[in-house]
Amino acid sequence: MNKVYLVAILVLSVLLVANVSPIEGVPTGGCPLSDALCAKYCKSNKYGKTGKCTGTSKGTCKCLV
């Protein structure tokens, strides 16, 4: 009976992990935490002079020239 519970917990944990969005290799530049981190990211990587968090749930850093 303990093995059944162990398998059930294992299956549930795998399902929960599978529902989490995969982390893409593209850096977000501090988004969705703050626009200031995004701007700092843009300046330090020479992508632009300022930046702003945009997109759904403000999860993408858009660098502005």
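Cβ atoms here come from the backbone N, Cα and C positions, even for glycine.
In Swiss-Prot, the cysteine linked to Cys31 by a disulfide bond, out of Cys53, Cys63, is Cys53. Between Cys63 and the candidates Cys42, Cys61, Swiss-Prot annotates a single disulfide bond, the one to Cys42. The secondary structure of Cys53 (disulfide bond), as reduced to three states from DSSP, is extended strand. Cβ crowding, taken as the number of other Cβ atoms within 10 Å, peaks at Cys61 among the disulfide-bonded residues Cys61, Cys63.
Secondary structure at Cys38 (disulfide bond), as computed by DSSP, is helix. Spatial neighbours are here defined as Cα atoms within 10 angstroms of one another, and by that definition the neighbours of Cys42 (disulfide bond) among the disulfide-bonded residues Cys31, Cys53, Cys61 are Cys61.
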